[in-house]
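Record features (TrEMBL):
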| type | residues | note |
| --- | --- | --- |
| DOMAIN | 7-144 | domain 'Nucleoside diphosphate kinase-like' |
| BINDING | LYS15, PHE63, ARG91, THR97, ARG108, ASN118 | ATP binding site |
| ACT_SITE | HIS121 | active site, pros-phosphohistidine intermediate |
Amino acid sequence: MVNPKNTERSFIMVKPDAVQRGLVGKIIARFESRGYKLVAIKTMKATPEILRQHYSDLVDKPFFPAITEFMTSGPVVPMVWEGKDVVKNGRTMLGATDPSKSAPGTIRGDFGLDVGRNVCHGSDSVESAEHEIKLWFKEEELVNHPAFIYDLVYEN
């Protein structure tokens, strides 16, 4: 079985706006269509505590209370995806943070309405992904399974 170079994991979280609009399946389908493997998924209510850790670089910003209010307003769907260059390619698939600046065909370009309601979060680096995955998931929630699709979508 092929184990492609640059296989890594990324943290993708569907935000409350997209959950309420019924977009979870469409977002999952985009990652599956690219040949990425879903390793973990759950539906949950984010707490202010986990959001402070997740957005630690934004805690002192004047808009952080609005982020917390929005992110706790409804369920979120955190996920872990695995595959070749999934962090970089996942960011490209999501599009620009501001949906009005996202290209058509990207998740935010197709579904995003506002910079504050931009559908998804995606890890910006492999290191961030590792941190975010540990923050949102217990080790036993990550399901390691063979991805037979790798033989079909990646060269040796």
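Glycine too: its Cβ is placed from the backbone N, Cα and C atoms.
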Number of Cβ atoms other than its own within 10 Å, given for LYS15 (ATP binding site): 23
Densest Cβ neighbourhood among ARG91, ARG108, HIS121 (recorded positions), 10 Å radius: ARG108
Recorded ATP site residues LYS15, PHE63, ARG91, THR97, ARG108, ASN118, farthest C-alpha pair in Å: 23
Distance from HIS121 (active site, pros-phosphohistidine intermediate) back to LYS15 (ATP binding site), taken between C-alpha atoms, in Å: 7
Under 8 Å by Cβ from ASN118 (ATP binding site), same chain, sequence gap 6 or more: LYS15, ASP17, THR97, ASP98, PRO99, ARG108, GLY112
Among PHE63, THR97, the most crowded of the binding-site residues [Cβ within 10 Å]: THR97
Assigned conformation of ARG91 (ATP binding site) - DSSP reduced to three states: helix
Rounded inter-Cα distance in Å - ARG91 (ATP binding site), the residue listed as 'active site, pros-phosphohistidine intermediate': 9
Mapped DSSP class for HIS121 (active site, pros-phosphohistidine intermediate), helix or strand or coil: strand
Distance from HIS121 (active site, pros-phosphohistidine intermediate) back to PHE63 (ATP binding site), taken between C-alpha atoms, in Å: 17
